[in-house]
Amino acid sequence: FARRAPAWFAIASTVLFAGAFTGLFFADGDALMPMMIVFLVSTVIWAVATVPHVLSAAGALCVRIFPKREANIAAMEMPVNAGVTTVAVMLSLVIAFVWTGYCIVDVVRMTSVPADARFTSDFVVPSYAVDVEAQNGILIDYLAVDGITDGSYAEKIALYNIIRDDGSSYACDAAIQLLIVPSGEAFPYVCPEVDPEAVEKFETVTRPIILHYSAMEEGGFEIGDKVRLEVWSPAGHCFLDGEFEVAGADYTFTCYDNIAFIRASDCVNEAGERILGNIFYYLNGDKNAFPEIRDAIDKNNVTIFEREYYYAQNSFNAVLLDMLGAFVAVIFAVAALGMIDLVAVTAAERKREFAVYRFSGMTAGGAFRLALTEATVISVTGFVAGFIFSLGINQTVPALALIVGRYVPRTLFETEIAYIALSGGGIVFLCWLAFTSFTALAARKSDRFNAGTGLMIE
């Protein structure tokens, strides 16, 4: 069907694909999932129906660039050769398939990382919150200990409700963990992927709050929105004093991302009383000096821990991720081997075709130039088509995440797309050049021909 698809069908499939591809960049929310399905279907149709026409155009361009008869042969032969068009189509689809698998694994990885992985310090000191001045004094004392290089702290209470400026609420039922930090300097210890602009606003806005990207998407919050916060603490639930302004988003993804951040100086109720919760001091330093550090910090009600031992990492999830990565790697390897096998089989089946070329006077150098022209056109066509397909699939990542009830941001481009497309195009180029050249050079001028009649001997 691919080599017989009429021009009108190729044009129609191109229009459908272009519309679906463009729509992915504008579709959002509930519209993204159906748009993703339309795009995937249109991608397959466009690849099958249009690639022969693309090969024809590319061959015509080669004729202009390389005015040799081998280029003319390639330009006429490639669009009508089912094996050639199949390799070009499969190359583009395999590139898209590999990138789709990469995106799925990335979503699974992001949503399976232990929640405590966001805390990146070497040591942790859990304690009970006191007034801000006392906490800052305790931190200064810890930083003065030999072996400790830097650190900060974060208090933890439950965020019970977020009330928007218009009176509507985002009832999270204490599902959001509210981290209370002294300043933006604490974010590297508790929120490594926060938006830098959000950190800057966190220092300048009167009452800033930073929400995780998932909460912003699910709750429909925008940067600059004014909200009231109802929190729960050991003393009960209450409203924090004043309105808070959404300053930005946290893009640190783990298995639990219901996180928000405010300043410690803003954590007071409407009566002006300080809301106290649990506090954790996050410290960096020399792990080899941990016994001496513990002797200097430990007291009756305070103990320092190494972070990897304090937080129970979910080794089961880690094993599943490793197994999934290995499984996907095997699938990708099989796809690559299948692609190489397709090239080898296609080249082997063209032995008679090249025998005709050699019988008509094509030299060994001409056979190599023909193989080089075909390899260039096929690999470049597959690379460009696969690259475009992958760009579209990259916009469907939020829809893939919604399947498991998660919200992730979309990105316009990832450098891994170029690596995968270049790898696929390079493998096909080298394999096509090698296998086709071998077949062409092996087809001797007199092979399987009757010199008297010019007919091939069976």
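Any Cβ shown, glycine's included, is placed from N, Cα and C.
Listed features, source TrEMBL:
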DOMAIN    326-444  domain 'ABC3 transporter permease C-terminal'
TRANSMEM  7-27  transmembrane segment
TRANSMEM  33-66  transmembrane segment
TRANSMEM  78-102  transmembrane segment
TRANSMEM  323-347  transmembrane segment
TRANSMEM  417-441  transmembrane segment
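Contact count against the transmembrane segment (323-347) (Cβ pairs under 8 Å) is highest for 78-102, out of 7-27, 33-66, 78-102, 417-441. Under 8 Å from some Cβ of the transmembrane segment (7-27) lie the Cβ atoms of residues 35-36, 38-39, 42-43, 45-46, 49-50, 53, 388, 391-392, 395-396, all in the same chain and six or more residues away from its ends. The residues of the domain 'ABC3 transporter permease C-terminal' (326-444), classed with DSSP into helix (H, G, I), strand (E, B) and coil, number 97 helix, 0 strand, 22 coil.
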